[in-house]
Structures are given as structure tokens and as C-alpha cells.
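Below: one structure, written as C-alpha cells.
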Amino acid sequence: MHRIAKVVALGSLSCLCTLSPLQAQEQALPALGDSSSAIVTAQQEHYLGRAWLQALRRQAPTIDDPEMKEYTESLIYRLVETSEVRDRRLEVVILDSPELNAFAVPGGIVGINSGLFLYADSEQEFASVLAHELAHLSQRHFARNVEEAERNRIPSLAATLASVLLMAAGGGDAGIATLATSQAAFQSQQMKFSRQNEREADNVGIQNLARANMDPRAMPSMFESMNRASRFSGQKPPEFLSTHPVTENRISESRARAEQYPLKHYQDNPSYHLMRVKAQIHHNRDINKLIERYESELKNGSSTPPFAVRYGLALALTKAQRLDEAEQALAPLLKEAPDNRHYLIAQALIDSERGQYAAADKRLKGALELTPENLPLTMNYANILVAERKYKPAEQLLSQLVSSRPNDPDVWYILAEVRGLAKDITGVHLARAEFFRLTGDLDQAIQHLEYAQTQVQGNFALTTKVEQQIKDLRAYQKDVGF
């Protein structure tokens, strides 16, 4: 099957979860009950979501920065703790795109574009977008859309699901045709039900922000910012607004809901602002101009907290290979917060760029002893160990990490590379098989398992395990069609 057709098909599941809203209307929300679960069970959603994520990872570039990943996951799980999400087997993905977008896919897939950091001025606004997406999951809007279509005998949702199966079976063009011809019949009902979904997601998201001790008013504030950006930029509206149109009525409704909560001051996690400048540096095309901007903001002030501006300056100078200046910029931050992981990693990067691996090793090893298996520290320390040609310790470190993050393709990728350097040929193939499985290239995954199979002959337990993995992957490949 063509890859594009496959992603279109699986992507339609995402669209059903974040349908485009129009102006909100006063309607009674349907009660959640067994009827929607009878049509699409939570386990089916989980299965579909993982298949969709594999296809997404195969097609779209993702952010592998461990600090940004850790921060985003931490905030999402903070919001999940106070949410109505029942199935908390979540997977978080950050797409490498400067555009504003966030999405929730049936089965617990929560994703953002790295551009969300660029658009959200505060952690509160950033969290408001995540809370909205989690509300789509908690209210099981995908299953309820299926139920609504069944109840009203609208063919397009069933046809959409059928087209997914048809394309999975190899009938790509026919599947696309089925998908396209069904849209007109579904559009009016989609608009009605999507308004309801978006209104409910706003309300549930605002409630969850308050429960998580975050600012409920951040949601209407974020809506207003997006509305202004879309109206005055003269450019194509952000991708998020194509599935979540922001109307004046929606803003006023969300503000009225948020203002029911007491007005108080909410403190951002400082890490948010550090991750925001990391996103700025990542998407910047002229590092010297960005350095000038940070220097000006340090001197004249800006809406970004000074510590984050200074951190951004240090990272930008490091990227420009102005290492002495980078160290000078970072020094006040380390002096004030010597145990801050972000600052320690930034200094270790400077050390590494200078070839001072022993200094970087000592710095990160000490921090990792305080917080074992911390994702950013482990990944950065593993890189230092590799630079020092300490391949076995690096392999042991990453093997421990992957046991706690078995669904993280970035960890499997680095582990495979390190095992290769350590001459662990069987381990290379097993790690690569996991990487390719998680990124949707099942042919490659099976191939590496077959390579591993030839390496473990004589080891009955391991041979049996690898044979079962191959059998399971082939069955799964037949089921999902890629």
C-alpha cells in the first residue's frame, strides 16, 4: 500500500476526535454510557491509536530532544491525574514543526507540534491546549461520533472506517474513493456534533485546569492570542485553527466558564520557559540574529523571564561555537541553581564541544546519581560515555532506561548504535527491531529479528522468544496492513 494513503486513512481517526467546531450552541450533551463502548471499545481505541502512532512516526519528523520530551510528558501526566481520562496508557509525541497544533487520537495518543511552545506565552496557556485535548480523550468523542453516525444512519463514518480497512487490505485507491464520496453525506451532522464536542472539551478542560491548580482563564486567553495571530498575521492560519476554529462566541463562553473560578496568581514551572527558548533555537534559521536578540532582551528586558533569556543565549552561543561566551552567559545561572538539570546539561554540552569529556562525565554522573533513570540526564550522559569510548557502561545505562521506556523509539535507536559500538551484534538487531516496530516499518523490524535469530541458535530460551516476536509481528502486520 502507498504510505500516503495509509496515513490519510489512519489520520481520519484523528480527525474524528478533533472535529472542526462552528459557533457553539446550547445543546444537551449526550450521556456517556455503554452504548458508545459497545460500538468502539476502549481496547479497540487503544489498538487503533498505536497503529496510528506507528504510521505517524514513519511519516512525520519528531523531536528527539529529551528535555522537551520529559517536560511535555510531565505536564501531560500532571493534567491526567486530575482529569476524567480512564485509560491512562498514554503515548506522547512531539512533531518537529514550528506550526501551532495539538491533537488527541483515540487510544491515548497525545501530540503537539514543537511550535506550540512558540505560540504559548506561558505554561498556563500551553497547559490549556493540552487540557482541551485530554478532554477529547476523557469524553471518548471518537466513540461517540461512531455512535452518532450509527444512530442517524449516516453512512460516512462507517464508510470512513471501512475505507481504513480497505486501504489496509491493499485497496488504496478504492479506499480513498470511499472516503471521499462519503464526506458530503456526513458534513452537516459532523458540524453539529463537532460543535458539541468542542464546547464540551472546552468546559471539561477548564474544569481540569482548576483541579490541577492551573489557571482556568488561560484557555480563553490562549484562544484570544490565536485569534489575534490569525487575524493580523496575514498568513495562513495555524493548523490547529483548521480543526479548532476560534470564534468570538467560543471565546466569550470559555471566559464565562473560567471566571466562575476564584481569581488568583498561578506560578509557571520555570522549565517551561527554558523549553520555550529551546524551541526558538531549534526553529531559528539565523543563530547570530537570535544571539543579538537575546543580548538585547537581557539588556532591555522582555516578556520572557531573564533566566530563560540567559539560558537561551548560552545555548545559542554554544550552537555558534562561541564556547567561552556561552560559559560566561551560563555561569550566573549555575551559581544560583547549581543542581538545575537543564543548566548542568548545558554546561556539559559546552565541555563536550571543547573535548573535555572527563569534566562532562563527572558533572552528569553526579546529577544522575541523584535522579536515576532521568531521561535527559541518561541520554546526555550516554552520549558522553560514547565520546569517551566507554561503550559497555553506555549500553548498560541505556538498557536500564529502555526497561522503563519500552515504547520510546529514540532510546531504542541510540541503544542500537551503542550496542554496535560494543560489538553486541545480537543486541543491535533486537534494538533495531524494536525501533522499526515503533516507527511503523514492520518489514525492517521482522528482518532484524530474523538476523537476531541466526545469532542466538543454541540458546533455546532466546530463540523461542525471538520466534514468538516474529510470529506476533507478522500477525500484527497482516492485521494493520503495513
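Yeah, the Cβs are placed from backbone N, Cα and C, and that goes for glycine too.
Taken from TrEMBL, the feature signal peptide covers 1-24. According to TrEMBL, the domain 'Peptidase M48' annotation covers 70-256. What TrEMBL records for His132, His136, Glu198 is Zn(2+) binding site. Feature annotation from TrEMBL assigns active site to Glu133. Annotation source TrEMBL lists active site, proton donor at Asp202.
A map of TrEMBL features onto the structure.
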residue: His132; record: Zn(2+) binding site; Cβ neighbours (10 Å): 26
residue: Glu133; record: active site; Cβ neighbours (10 Å): 24
residue: His136; record: Zn(2+) binding site; Cβ neighbours (10 Å): 26
residue: Glu198; record: Zn(2+) binding site; Cβ neighbours (10 Å): 25
residue: Asp202; record: active site, proton donor; Cβ neighbours (10 Å): 26
For the domain 'Peptidase M48' (70-256), the mean pLDDT of the predicted model: 77
